[in-house]
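Feature annotation from Swiss-Prot assigns region 'Tandem atypical propeller in EMLs' to 10-649; the stated evidence is similarity to another entry. According to Swiss-Prot, the repeat 'WD 1' annotation covers 56-93. Here Swiss-Prot flags 97-144 as repeat 'WD 2'. Per Swiss-Prot, repeat 'WD 3' is recorded for 151-192. Here Swiss-Prot flags 195-234 as repeat 'WD 4'. As annotated by Swiss-Prot, repeat 'WD 5' applies to 241-280. What Swiss-Prot records for 285-323 is repeat 'WD 6'. Residues or ranges marked as repeat 'WD 7' by Swiss-Prot: 369-406. Feature annotation from Swiss-Prot assigns repeat 'WD 8' to 410-447. Per Swiss-Prot, the feature repeat 'WD 9' maps to 452-489. Taken from Swiss-Prot, the feature repeat 'WD 10' applies to 495-535. Summarising the annotation, Swiss-Prot assigns repeat 'WD 11' to 564-602. Among the features that Swiss-Prot reports, repeat 'WD 12' is placed at 609-648.
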Amino acid sequence: MSSFGIGKTKEVIFSMEEGSVKMFLRGRPVPMLIPDELAPTYSLDTRSELPSSRLKLDWVYGYRGRDCRANLYLLPTGEVVYFVASVAVLYSVEEQRQRHYLGHNDDIKCLAVHPDMVTIATGQVAGTTKEGKPLPPHVRVWDSVSLSTLHVLGLGVFDRAVCCVAFSKSNGGNLLCAVDESNDHVLSVWDWAKESKVVDSKCSNEAVLVATFHPTDPSLLITCGKSHIYFWSLEGGSLSKRQGLFEKHEKPKYVLCVTFLEGGDVVTGDSGGNLYVWGKGGNRITQEVQGAHDGGVFALCALRDGTLVSGGGRDRRVVLWGSDYSKVQEVEVPEDFGPVRTVAEGRGDTLYVGTTRNSILLGSVHTGFSLLVQGHVEELWGLATHPSRAQFVTCGQDKLVHLWSSETHQPVWSRSIEDPARSAGFHPSGSVLAVGTVTGRWLLLDTETHDLVAIHTDGNEQISVVSFSPDGAYLAVGSHDNLVYVYTVDQGGRKVSRLGKCSGHSSFITHLDWAQDSTCFVTNSGDYEILYWDPVTCKQITSADTVRNVEWATATCVLGFGVFGIWPEGADGTDINAVARSHDGKLLVSADDFGKVHLFSYPCCQPRALSHKYGGHSSHVTNVAFLWDDSMALTTGGKDTSVLQWRVA
């Protein structure tokens, strides 16, 4: 027996007699069978090879409108800039091309464009590394043409997150203001090119939603948020504030947005649905538009021609106002896209609208709006790639199922279902899709018409995996009730009948792979068990020699001889959520709890194998899959709700 890396954290033991390797997760042994052809030459001391291929971020699906604002702008290059997860996206709609700024290491929360329309600032939240080291919140100033980082501000200064950022609009835009999410919501002003703080001041105990400079007077700033609006003066290195006085006007719970009109008037929109005009330089209301929206006014945008556009929350309306604050035109955003979060001026009379349901729309108040960027709204776990097309499916907590084209980057179709979804799998014909939900219900959908073909219920816990056998004759449904339900499949996936259930795991089912010849399948469970099953009898296969040399059609199980090298030292067994092997059998991609995507060579059977590592997601990466032709890999984010498409090169 030779052993490797003896230590409390993770020991790997190779037994030649048993033809197995044993690793330990949380002190629990996980024995894995070595195929006969590898056993004679296998050694734990062989160095793993880095894959010659790399991943390059190709497309980002999604937008963060749910809880961020003023984060969508059109640049002179024709690109719209916005963010999701830890990626700032520059999307050229005409060329159908994206570029990505990847300087951040956790969620981006705010974005500002410099008056030069090239320089961009983005602020991020505090994060932690895999080792538990804090990653401090900060602001990055970068060049949108070269994507190079110019300056990093505020490391060790900001607390929790940077929630607002803005450049001064006059004086060459040489100042930048930022607000953090500390208890005092500190407003700070920076000479960003020198990376030096000019001054800071406690802003408010309550949430601050906007901080901005006056367009012509660089010594004036405005902040607003929960039950306040402040007018700030910056003089001789100190900040002084005057509170906005509502006097006889209804004081709103939240002042949600602010913009400036040509004459110097300040306009605010609030949670009461009112627009207030604050006379130039003053802190008093000089005009009001009551009930401009039913529900909050979430967005304001002053247009080039001096008119004003507002966007509504509950009423989902985009309204164009004349110079006398009379309503000129209005249009409602379709309900599926959700309330308006932010509005940006496009070319001509076009507008870009970001919504709280993480969509970006393009259109005008005259013509209405159509979808430009579709996003998921809540945690995303289900991912499956089509067996013979450049398409994939995502589904999640938001009860939405999207079938995407990886080439057009748009949904081919979308449908809502009754329960939050957790898993997905295509029939080998590609004509039927299974979707597992958190309630024990699972559905079969027609992939052409997206019609419901059938609905079944197994147990009352979440269905973590739905997987058709390679020959299309069986469907295995793995549940959090520790059972795998096996169905026979007819009519190309349209008719299923329950054959039996596989009982033997003492914890919930996490992953499942079929044999290439469909004669058996293997499962992983929440307590790191690997079991093998005969679908015909639904009985466990206990003879090691029966399964040792099986060729597996896929490698999605995170525990097994071919993949155990993905586990880092000290891993606790829940750190890696998903793994996928390329169809050509050369690459393996893993998705972890630290926002990272790793690319390994396959088989990955040396302890702590070498990998290329990629950021972009900002919370746990929940799933990973290769497109049918291995040209792209796809990863899904948990809390960041994004889908990242990686080119394999």
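Heads up, the Cβ atoms here are built off N, Cα and C, so glycines get one too.
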Reduced to three DSSP states, the repeat 'WD 11' (564-602) has 3 helix, 17 strand, 19 coil
Take the repeat 'WD 6' (285-323) and find every residue of the same chain, 6 or more past its ends, with a Cβ under 8 Å from one of its Cβ atoms.
-> 69-70, 244-247, 249, 254, 256-262, 265, 267-279, 329-335, 337-345, 351, 353, 356, 365, 369
Contact set of the repeat 'WD 3' (151-192) with the rest of its chain, CB cutoff 8 A exclusive, min separation 6+ beyond the ends, reads 107, 109-116, 119, 121-126, 136-141, 198-218, 221, 223, 225, 232, 234, 239
Long-range Cβ contacts under 8 Å made by the repeat 'WD 4' (195-234), restricted to residues 6 or more beyond its ends, are 69-70, 151-154, 157, 163-171, 175, 177-179, 183-189, 240-244, 251-258, 260, 264, 266, 268, 278, 281, 283
Going along the chain, which residues at least six beyond the ends of the repeat 'WD 1' (56-93) come within the CB cut-off of under 8 Å?
-> 99-102, 104-111, 113, 117-118, 120, 122, 124, 142, 144-145, 209-210, 256-257, 298-299, 338, 341-342, 344-347, 352, 354-360, 362, 372-377, 394, 404, 406, 409, 595, 614-619, 632, 637, 640-647, 649
The repeat 'WD 7' (369-406) vs the repeat 'WD 12' (609-648): 3 or more CB pairs under 8 Å | yes
Residues in the repeat 'WD 12' (609-648) per DSSP class, helix first, strand next, coil last, are 0 helix, 21 strand, 19 coil
